[in-house]
Amino acid sequence: VLIIAVLFLAASELVTADYTRDEWQYRAASLRDAMRNFRDTRCSPGGEVCTRHSPCCTGFLCNHIGGMCHH
């Protein structure tokens with residue numbers, strides 16, 4: 001009976017640890033996506049002016065000489 005109890009507790013710990021790791025991975029992915037979305041809401045699209053406070057949207061580069069976003 002004692003061996004069964006120890007095995008049950010060990011299995012419970014493994015399941016809980018696995019669930020917690022998955023939950024943290026999900027939260028990390030959600031935070032990463034939220035940060036991407038936040039950056040893209042304040043970005044300048046192609047052909048628009050880019051500054052330090054308004055960088056180019058994902059996929060565009062800022063030409064700092066002219067201050068315009070381009071591919």
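Cβ coordinates come from backbone N, Cα and C, glycine included.
Lifted from Swiss-Prot, the feature list:
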{"type": "DISULFID", "residues": "CYS43-CYS57", "note": "disulfide bond"}
{"type": "DISULFID", "residues": "CYS50-CYS62", "note": "disulfide bond"}
{"type": "DISULFID", "residues": "CYS56-CYS69", "note": "disulfide bond"}
{"type": "SIGNAL", "residues": "1-17", "note": "signal peptide"}
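Feature map: Swiss-Prot annotations on the structure.
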{"residue": "CYS43", "record": "disulfide bond", "DSSP class": "coil"}
{"residue": "CYS50", "record": "disulfide bond", "DSSP class": "coil"}
{"residue": "CYS56", "record": "disulfide bond", "DSSP class": "strand"}
{"residue": "CYS62", "record": "disulfide bond", "DSSP class": "strand"}
{"residue": "CYS69", "record": "disulfide bond", "DSSP class": "strand"}
Task: Sequence-distant neighbours of CYS69 (disulfide bond) in its chain (C-beta under 8 A, six or more apart) - done: SER44, PRO45, GLY46, GLY47, GLU48, VAL49, CYS50, CYS56, CYS57, PHE60, LEU61, CYS62, ASN63
- [ ] Would you mind checking how many other C-beta atoms are within 10 angstroms of the C-beta on CYS56 (disulfide bond)?
- [x] 21
TODO: Among all chains shown, work out which of the disulfide-bonded residues CYS43, CYS50, CYS57, CYS62 has the most CB atoms within 10 A of its CB.
DONE: CYS50
